[in-house]
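Novice: My structure is below; once you've seen it, I'll send some questions.
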């Protein structure tokens, strides 16, 4: 089903790209936009995950420089019956996390240094289980491609003014009004697609994540802490790349941005309530042979991500 959704997404984004191209340059602009969109679709399938990780300057870690964090992800992946994903950390004081990759065999999970500092090991396990659920549900391909194409469409809408703003442009059938429409409609349409994709999948990932880690309350507690942190601690890389907001477990954009006029995520309180109800009903075990992860409590130092000094890397809580 997700393959069908991904194909529909690519078709919609391509059509939107062509529409903006038509508004800017008529039929010639539409054909150029089609060729660009086709190339971007191909490129996004193979490289969008690396682009997102690069945008946040995420550093890959392993059992040597992040032993406890890596072990949590490894145990959760085993519980879920998934191949071990690549594990990344990115340097940000805001607690948050995301997953990416075109399939479970080529997937990655990334957490911020702020997440490891602010959350307990159990809460980190809940968050990583949620991200692994996205991988298992094959949400990551659609979410990552959406981030790449939405960013490109928003940028195209901004460029429309400069390349199509000439009132005397004979190639532009709708003139200056058409350019204004492109500037407004393109980013808005991309935002609406992000909303539709993210909101319908977060509840499913919450539920499956609770099953993977074995305790819905771990994730519920983590969501509350992350939401409070995201509301007060900015993520500068996310502010520069708002098209990736729907990939995170909690919207990383500050409340002052107009991007939050249409939220990319369900209400956090509703998500927490659903997890608490799941715990109260005893529905914390999946149909498969899942055992609860039991993270070892240690101090919360985090590995060096290569951006803040030359101290030797250490594992979280080590």
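Residue numbers in this text run from 1 along the chain shown.
Using the three backbone atoms N, Cα and C, a Cβ is placed for every residue, glycine included.
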Novice: Where Swiss-Prot shows 130, 134 binding Zn(2+), which of 63, 68, 202 is named for the same site?
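Specialist: Candidate listed by Swiss-Prot for the same site: 202.
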Novice: According to Swiss-Prot, region 'Disordered' applies to one of these ranges: 249-283, 284-318. Which one is it?
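Specialist: In Swiss-Prot, residues 284-318 carry the label region 'Disordered'.
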Novice: From the ranges 89-109, 173-193, grab the one Swiss-Prot calls transmembrane segment.
Specialist: 173-193
Novice: For the Zn(2+) site (130, 134, 202), what does the 8 A shell look like? I mean other same-chain residues with CB within 8 A of the CB centroid.
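Specialist: Surrounding the site, in chain order, are 99, 131, 133, 139, 201, 204, 205, 206, 209, 249.
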Novice: Sort out for me which one of 131, 202 has the most neighbouring CB atoms within 10 A, since those are the recorded positions we care about.
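Specialist: Highest number of other Cβ atoms within 10 Å: 131.
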Novice: Would you mind checking how many other C-beta atoms are within 10 angstroms of the C-beta on residue 130 (Zn(2+) binding site)?
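Specialist: A 10 Å sphere around the Cβ of residue 130 (Zn(2+) binding site) contains 28 other Cβ atoms.
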Novice: Count the Cβ atoms, other than its own, that fall within 10 Å of the Cβ of residue 134 (Zn(2+) binding site), considering every protein chain shown.
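Specialist: Its Cβ shell of radius 10 Å holds 26 other Cβ atoms.
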